[in-house]
Amino acid sequence: CEATWAQIEWSDVCCCLSLQGYFFNANNPYRDAPSAFAEGQEKAREGDLNAAVLLLEAAILQDPQDSEAWQVLGTTQAENENEQAAIVSLQRCLELRPNNLPALMALAVSFTNSGMQRDACDALRRWISHNPRYKHLAVDGRSPSELQEVLLLFQEAALLNLDCVDPDLQTGLGVLFNLGSDFNRAVEAFSAALSVRPQDYLLWNRLGATLANGDRSEEAVEAYGRALELQPGFIRSRYNLGISCINLGAHREAVSNFLTALNQQRQSQRCSHQQMSANIWAALRIAVSMLDRPELFQAASAGDLDLLMQVFDVGDV
Amino acid sequence: MATPSDQNVEFVRTGYGKNTVKVLVIRREGRHHFIIELKADVEITLKSRKDYLTGDNSDIIPTDTIKNTVHALAKLKGVKTIEQFSLDICLHFLTSFNHVLRAKVYMEEAPWRRLEKNGVEHAHAFIYSPEACRFCDVEQNLNGIPVVHSGVKNMTVLKTTQSGFEGFHRDRFTTLQETKDRCFCTSVYARWRYNKSHDIDFDAAWKCVKETIIEKFAGPYDRGEFSPSVQKTLYEAQVLALDRIPEVDEIEIVMPNQHYITIDMTKMGLTNKDEVLLALDNPSGNITGTVRRKQQAKL
């Protein structure tokens, strides 16, 4: 195990542990916990995302070659609205296990959210080429993936499913249509996936985000509502809900939602300087700026969560 | 001991530090030397205000120490980009002490350009080339995520045609004549914010924004691109910059309009066809705009 420990650097200027771009929480109380991975998965299922992250990080520190731990850490960080951490984790997973389909799909989604179209298409192409059901469709030695090419590939694959719906394939289609700004078709794809998996809160959020980006904000709010009913700790969906509130002019509701999300992130463990999502703070600042209360904007800029929670009457969940 | 006037006063904000800390960092790879010269303003805010209130200095990290810290970190961490170095400085002050609340760094890079002739680079000689000034600022609160801005300033460009100004609002105080063809000279200031602090190629991003602004200003090299106003050109540069760099969330550009006026030579019996112009020192127009990426919902 010495070779892998050498890669984990302990910076002598500050106390940060990092491994090829993933920055671990410094004072992890679960550091030496046995069965950290199993517990991490359980916490993620319960919606306690911050605790899940800490447990999964512990599992990885105990065994940096655990590709499944990297995968779950990646998807959990995405749910926790920490896209960069998600991308790095999923990439580490795929280095260890290049054919991990859930990791490839999750990575494509994260790249899409980050505006990295080419990388998203590449991940989706790899998803097809490693998928036992569809890999015969992928031509080897293809040049860098173009959106239209990969879309065609997924549509060909969909034709193979005449009497059933493959929700994962439909998710890929939904992502591709999002990349091409064809929001109506993306909505159809995610709806098809939901018909097979109506309890999948990730799918409800993806449907909502697609509706929102296609300017159908009211319908988006409904979809996010379904996601949050199924998983109240789903930080990303609550962030999205806040964004839609801004778009609908409901600025107070937007602020409320962002504060709830930030508080949920903070509550779990107060030991890291990276717990709360930068995105959510940025969105909160925007929502607060629209309320025309300069003293609150000052509090938002300084990161004073307690004061804002008091003013907007956001209690502990 | 509280004096009566203390009761009528409360703190809005405090901070102190060292300005204009200048260093030149040399990296030697055999005979080939790399340099970066920078100028830094560093400010920290402490948890306690007792230094201001009672003259108790026990918490103060002297500004001399702050200066030494910049020097030492340049040696310990090296300086790859001013943005990364600024991040390193902020992180140091927030994690090496338990009484620092906030750290802010503003940094400028000296525009040294390696000497080159006929495609051959000099190993260790440079010339000062101030065609644009590169700067950045990083701010980070304790338990918070650093916010990084980069910028370019004092980039002065001029074009002699493909600029006009018509159809503006007129009132009794308006004397400006409409024009379809004028000189357009400006000294660009642009500052943009990134949406993360890790994994960004700061050099590439800065180069891209600088080139995008010049591209929108100048247009194609053979015929240029018409500018109906400074506002339009400014906005187009912003939209293109955001499009090209997904890591940038928001960009502010300020373009003064440095006026050149055709000199009326009729009293000298000469017809000056916009050939000899007077550079107006003051006043100058000042056009500003800030745009940000629309909030996208996350799949």
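Cβ from N, Cα, C; glycine included.
Where the annotation comes from TrEMBL, it is an automatic prediction and has not been curated.
In three-state terms derived from DSSP, B:Lys18 (active site, charge relay system) belongs to an extended strand segment. Residues or ranges marked as active site, charge relay system by TrEMBL: B:Lys18 (among others).
Secondary structure from DSSP puts B:Asp64 (5-hydroxyisourate binding site) in a helix. Neighbour count (other Cβ atoms within 10 Å of the Cβ, all protein chains): 9 for B:Asp64 (5-hydroxyisourate binding site). What TrEMBL lists as 5-hydroxyisourate binding site is B:Thr63, B:Asp64, B:Phe165, B:Arg182, B:Val230, B:Gln231, B:Asn257.
The urate binding site annotation in TrEMBL covers B:Thr63, B:Asp64, B:Phe165, B:Arg182, B:Val230, B:Gln231, B:Asn257. Secondary structure at B:Phe165 (5-hydroxyisourate binding site), taken from DSSP and collapsed to helix, strand or coil, is strand.
Taking Cβ-Cβ distances under 8 Å and a sequence gap of 6 or more within the same chain, the neighbours of B:Thr63 (5-hydroxyisourate binding site) are B:Tyr16, B:Gly17, B:Lys18. For B:Thr63, B:Asn257, the entry in TrEMBL reads O2 binding site.
Positions annotated as active site, charge relay system by TrEMBL: B:Thr63 (among others).
B:His259 (active site, charge relay system): 18 other CB atoms within 10 A of its CB, across all protein chains. Annotation source TrEMBL lists active site, charge relay system at B:His259 (among others).
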Binding-site residues listed as B:Gln231, B:Asn257, least Cβ neighbours within 10 Å: B:Gln231
Nearest-integer angstrom distance between the alpha carbons (Cα) of B:Gln231 (5-hydroxyisourate binding site) and B:His259 (active site, charge relay system): 15
Mapped DSSP class for B:Val230 (5-hydroxyisourate binding site), helix or strand or coil: helix
Other C-beta atoms that fall within 10 angstroms of the C-beta of B:Lys18 (active site, charge relay system): 19
